Amino acid sequence: MTGPTRRSSRTMGRPPVLLVILAVIGIGWFAIPLVGIVARTPWGDLPSLLSDQVARDALRLSLIVSVITTVIATILGIPVAWILARTEFPGRSIVRGLVLLPLVLPPVVGGAALLFALGRQGLVGAPLYQATGIVLPFSLWGVVIATTFVAMPFLIITVEGALRNLDPRYEGAAATLGASRWRVLFKVTIPMIAPSLAAGLALTWARALGEFGATITFAGNLQGRTQTLPLAVFIALESD
């Protein structure tokens with residue numbers, strides 16, 4: 001048996017008992033709450049619950065908002081990821097910190113920050129309201145702004161990591177053969193980071209679909225206007 005084969009056999013051997021115990025506890029940490037919610041869900045009443053007008057409105061709004069959020073995150077997030085991964089500029093670490101901030105801020109604090117910035121009396125919201133009469137909070141676009149604020153970092157981080165790990169020789173070879181920058185981007189770069197891009201889009205969409213704290217703080221909980229599915233579920237649980 002060769003050396004690499006012996007090393008491979010040792011690597012794939014029986015794991016330490018303590019490691020298995022900790023892994024089982026870790027898996028249970030995720031599985032038990034899911035089992036609990038499945039066990040307590042009134043499956044027989046599910047058709048009537050889904051036929052309720054409030055639930056339908058909330059589901060429709062959540063799907064619309066999550067799709068719009070994903071589109072906006074794609075348009076804005078990919079350029080940010082590209083700049084962070086491929087360029088050197090003063091303050092790059094500050095920009096990366098700003099991108100990461102929504103991930104560590106409590107969602108309610110993020111919603112309050114949006115109010116202070118974009119509310120009717122906010123830093124940007126006040127002149128916007130005076131000039132155009134547009135009020136962003138407590139509207140559909142308020143929901144989109146809140147969900148994009150908390151969800152777009154997932155796409156940026158995922159795509160930035162993929163771009164950093166991409167071998168630039170492939171792009172260089174395409175450019176040497178006469179491909180323009182845009183052609184290199186769409187024919188070489190994006191196809192090569194497609195799995196990471198798809199993962200980032202999925203995470204962004206899922207985060208937008210499940211957003212609660214920033215949404216209720218910045219956009220409120222107005223049925224048919226800003227009440228997304230997580231907010232409707234919260235109200236239903238409160239009334240039980």
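A Cβ is built for glycine as well, from the same backbone N, Cα and C atoms used for every other residue.
Any TrEMBL annotation is an automated prediction that lacks curation.
Features reported for this protein in TrEMBL:
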DOMAIN    59-240  domain 'ABC transmembrane type-1'
TRANSMEM  16-39  transmembrane segment
TRANSMEM  59-85  transmembrane segment
TRANSMEM  97-118  transmembrane segment
TRANSMEM  138-163  transmembrane segment
TRANSMEM  184-206  transmembrane segment
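Proximity of the transmembrane segment (138-163) to the transmembrane segment (16-39) is not established, fewer than 3 Cβ-Cβ distances being under 8 Å for residue pairs spaced 6 or more apart.
Listed by sequence, the residues of this chain that lie at least six past the ends of the transmembrane segment (97-118) yet keep a Cβ under 8 A from its Cβ atoms are 80, 84, 124-125, 128, 136-137, 142, 145-146, 149-150, 152-154, 156-157, 211-218. Long-range contacts of the transmembrane segment (59-85) within the same chain: residues 50, 92, 95-96, 99, 140, 143-144, 147-148, 151-152, 155-161, 163-164, 197, 200-201, 204-205, 208-209, 224, 226-230, each at least 6 residues beyond the stretch ends and with a Cβ under 8 Å from a Cβ of the stretch.
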